[in-house]
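Here is what TrEMBL records for this protein:
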type	residues	note
DOMAIN	356-575	domain 'Major facilitator superfamily (MFS) profile'
TRANSMEM	45-65	transmembrane segment
TRANSMEM	77-96	transmembrane segment
TRANSMEM	234-256	transmembrane segment
TRANSMEM	276-295	transmembrane segment
TRANSMEM	315-336	transmembrane segment
TRANSMEM	357-378	transmembrane segment
TRANSMEM	390-409	transmembrane segment
TRANSMEM	421-441	transmembrane segment
TRANSMEM	447-468	transmembrane segment
TRANSMEM	480-504	transmembrane segment
TRANSMEM	510-530	transmembrane segment
Amino acid sequence: AMSEQWDVGRALALSGLFRLLQGAGRACAAPFLTLYLRHLGLPAPLVGVVAGAKHLAAALWAPLCSRCPKGRRKRRLLVASSLLGSAGASLLLTLIPPADGDAGYKYCNASQQLGDRGAAAAATVPGAGTSSHVSAVTNAKATREPEMPAPYRPPIRGLEKETSGLGSAAIDLAGNAEESLYPTESNELSLFKTTLPTAGGSYESGNLPDHRKDAQGVSFEAVQNIFQDREHQIFVMVLGAVVLWELLATSLEWTVDENLYEYLDFVDATDRYGKLWIWSYLGASVGACSIAVFVDQLNCFLSSTITRLAVHFYGYALLITLSLLVSVFFPIHVPKRTDHVNKTAKALALLWSDGRAILYAITVFLTGAAGSAVQNFLFWQMQDRGSSELYMGLSVAVGLLAEILLYFFKGKLLRTFSSVKIVAVSLSLLAVQLLCYSFLWTAWSVLLVQILSAFSSGALWWVVNMTVDDIATPGMERSLHAVLQSLCYGGGASLGSFAGGFVVKHFGLAVLYRAWCVCLVLWLFLILILQSKLPRQKKINYSRLLAADSSDMSDSDEENERDWLVKAMKDESFN
């Protein structure tokens, strides 16, 4: 029974399968979230706020999740409730009706709409097929118009005009797919529109006798107008569902991850923990492509108010439910003693004590902010270029698979190039990616640009993790990694999302990409200058070297460090 209980191979196999399902489930929904919000009719600024709140919630909640409850039964209950809760929260998004009944059709099957632009333009020339083509466009649009109560039903754009204007309305229909990426006066965000006094001192709601009551009335009416607006009602519902979903998903991932690491630490097998992320990446690659192929085969609407993009969340819920069956067989180890030290504060102090660690912390913050522009709006841009969902899923898979392939050359690259050179190349390639996206010509070209993610994301984190491992005291490695992840996603990505939506609204997506490209290049020159001013010193993590068994030291860089230590000890003994 004891050998079965502490079967490391079985635990790693179950963990790999769990991560495979989790990665596939996440990739079914998370990359397509902002695209789904676009189909709900939310503008870029509100989509940016939702994405930023999602990243921020995960970063703030993660340190609390790391404190797993005592007792095997409580831990299993927490995992099961988090699994079911995250699946339910994702399904809540599919129940939210669109803010704009026309948005779902406007953005669905963008490639066909863009392909019909020439035919729609030709329809304005007198000919036999003119009226039949226009009727086809308007009838298709009408059949896909969601049925909603009369007070909330939005006007059907282009159909309110006279019959003589139907030809131009058909052209506008195809062109509407691009309007959210280019600033226009008609699309100004109404979030901050309030009832303000006119030049004569009167208010829209009438003249109020008391000055204080006037001010209170204006404030109340402003809030009331915000929450009575349908777009803002949808935004509040989406924000609540997404934050709840992220909190439950983060709680699940951290609980399972912490439990596995404690188990491997108890049986002295933590060295085998480091490669489990590959299973998550493989699952994400398969999940993103599979769900994209399936969604491409569906009609634009599953029902009168549910677009086909809801299938992404159905797929997530299904895969999460399957992972619940796997979690039942997880071995659980509860450590007898618990450390009540605030490791987050200690990790921040360690980062602050090292100059290179500070530079790399700022680097991951900036890369997280720049990467949020790609994560939030790249699929919008691809859709406007006529992309099918298959290209979107492939773009996710190409980036992840490129990181996996480059990982097998990690040891050789770290021996050949210095950390500064790898960071410089990573920042340069990320800047090149953003510049290429700003000039995106076709949807398939994204696949070529995504290959650069192997260096701009994967290799960068090798150097960052290696640097913080050198300054880590015993037991602080994971806390340092968690703090850096929070800086990247909770700090950089959330701030980048909040600001990115407004930049897209008022200046366009290309400007956002180029602005981050310039910021990264400037930081690259600055980090090279500052790095040269720092003192050169070799730090060896003795606790890691002494704790690792000689048979487990497979990475060549760790072998070099061990050989260096042994040689130094022999020389000292000889002297």
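Keep in mind that glycine also has a Cβ here, set from the backbone N, Cα and C atoms.
Nobody curates TrEMBL annotations by hand; they come from automatic prediction.
Note on the domain 'Major facilitator superfamily (MFS) profile' (356-575): mean pLDDT across this stretch is 85. For the transmembrane segment (390-409), the most Cβ-contacting stretch among 45-65, 77-96, 276-295, 421-441, 480-504 is 276-295 (pairs under 8 Å). Counting only same-chain residues 6+ beyond the ends of the transmembrane segment (276-295), those with a CB under 8 A from a CB of the stretch are 12, 15-17, 19-28, 31, 260, 308-309, 311-312, 315, 319, 388-390, 392-394, 396-397, 400-401, 403-404, 407. Within the chain carrying the transmembrane segment (315-336), a Cβ under 8 angstroms from the stretch's Cβ atoms is held by residues 5-7, 10-11, 14-15, 17-18, 21-22, 24-26, 28-29, 70-72, 75-76, 79-80, 83-84, 86-88, 90-91, 256, 259-260, 262-263, 266, 287, 291, 294, all 6 or more beyond its ends. Listed as Cβ neighbours of the transmembrane segment (234-256) (distance under 8 Å, sequence separation of 6 or more from its ends, same chain) are residues 15, 18, 22, 26, 33, 37, 40-42, 46, 49-50, 53-54, 57-58, 61-62, 65-66, 68, 75, 78-79, 82-83, 85-86, 89-90, 92-93, 96-99, 227, 327, 330. Within its own chain, the transmembrane segment (45-65) is flanked in space by residues 33-34, 37-38, 189, 191, 231, 235, 238-239, 242-243, 246-247, 249-251, 254-255, 258, 344, 372, 375-376, 482, 485-486, 489-491, 493-502, 504-505, which lie at least six positions past its ends and keep a Cβ under 8 Å from the stretch.
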